[in-house]
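Read the structure below first, then the notes.
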Ligand code: SF4
Ligand code: SF4
């Protein structure tokens, strides 16, 4: 059966609002771009509130408040209030650092629907080394206690890589102790800062297999108690991920300075220009902007994707990954077995996994614009 | 099957919502959205955290003039899928 080509794009379901690139942590796999948005360029409260209303009108149902660390915004509670007022299901993606019991109670009153808490490791030693923030783990555990007491629905997001994949069984226990309904077992994806840390973080093939085994076993055992979502190590897979549910198909990201991106790494693709919510309506950006149409659907596809029966399943994989690994954003994602570069990538993944290097931490965004030269 | 005395409840963070852009009812849950068809919406409209599974299916059978056994079977399958995904709690009847 030949799949029907995608004609008119559907409205977006989800929007990721990157409220700031500030963060007390400096995880070496952070997905924030190398060129972070300046603090003085961040959108203000009213502009975000307008963007939330435009998003709801456009068809967005799920709003993810993210960063950086969204708690670094003083107006976070107001933003939650505005999002709920717009009718959006409001999810806070946080490391927990910067949240107090009082702030959490205010967010509860403002209508926050759900919290996704990140976990850098299951022991203070591991978590604080990875996050680059001493005392971060203990603080996070306190925050988790308040979250449980208030009764927020919780997803624990355990970010795993070569250094901490052995902690996966404990991460599953911690999720249950925290009262989480769901855990995301997310093996690091090599975008953003993670690209600089492949020698330090790339899991071995064996680790990836073991993690998959543990997840499958735990899914059976914890059915109806803890839902486990699993993102395996992508360089070791046979087929690429359906990134963002397909370019311009399901979701959009708004960067701290108001640029609207089809995915959080889209700025790595040099020929794309992004429009800004300060100047353009979200509706126009979603349906008519060049960036959202660049890789939308299947028309742009080269072989082997163009004649592949999986093309509506994964939309040819990740454009930013093709860019990062092959220098060509139009190429088939090299993770795919059908890509002529697949074998080479497997060898590179094994080499990264066998190597070692000190961690390169993510820095803080610049405060103000650099003085003109 | 679901025990007739069990009380289905939508836990905090899961709610039924009318999607005005797509003109359909949906179930909003943490980072997930489930599109509800007419039957799904009818079942969830009866879930109020107070009435038991038996009471709910009896109401539905009367409302839609359908055999109780069939309604109970369909509703159980639907609610069980939601419970497995932690979108629904099934609490034991009191006493
Ligand atoms: S990945 Fe780490 S550094 Fe990046 S925003 Fe999240 S907590 Fe902060
Ligand atoms: S050839 Fe393209 S469409 Fe087919 S599986 Fe590989 S990446 Fe997906």
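Every residue gets a Cβ built from N, Cα and C, even glycine.
Note: TrEMBL annotation is automatic and uncurated.
Look at TrEMBL and you will find A:23, A:27, A:30 tagged as [4Fe-4S] cluster binding site. Sequence-distant neighbours of residue A:30 ([4Fe-4S] cluster binding site) (same chain, six or more apart, CB under 8 Å from its CB) are A:23, A:192, A:193, A:194, A:362, listed in sequence order.
Summarising the annotation, TrEMBL assigns domain 'Radical SAM core' to A:9-226.
Its Cβ taken as reference, residue A:23 ([4Fe-4S] cluster binding site) is surrounded by 25 other Cβ atoms within 10 Å in the chains shown. Of the chain residues outside the [4Fe-4S] cluster site list A:23, A:27, A:30, A:25, A:26, A:29, A:32, A:68, A:69, A:95, A:131, A:193, A:362 have their Cβ within 8 Å of the site's Cβ mean position.
Taking Cβ-Cβ distances under 8 Å and a sequence gap of 6 or more within the same chain, the neighbours of residue A:27 ([4Fe-4S] cluster binding site) are A:120, A:130, A:131, A:132, A:159, A:193, A:361, A:362.
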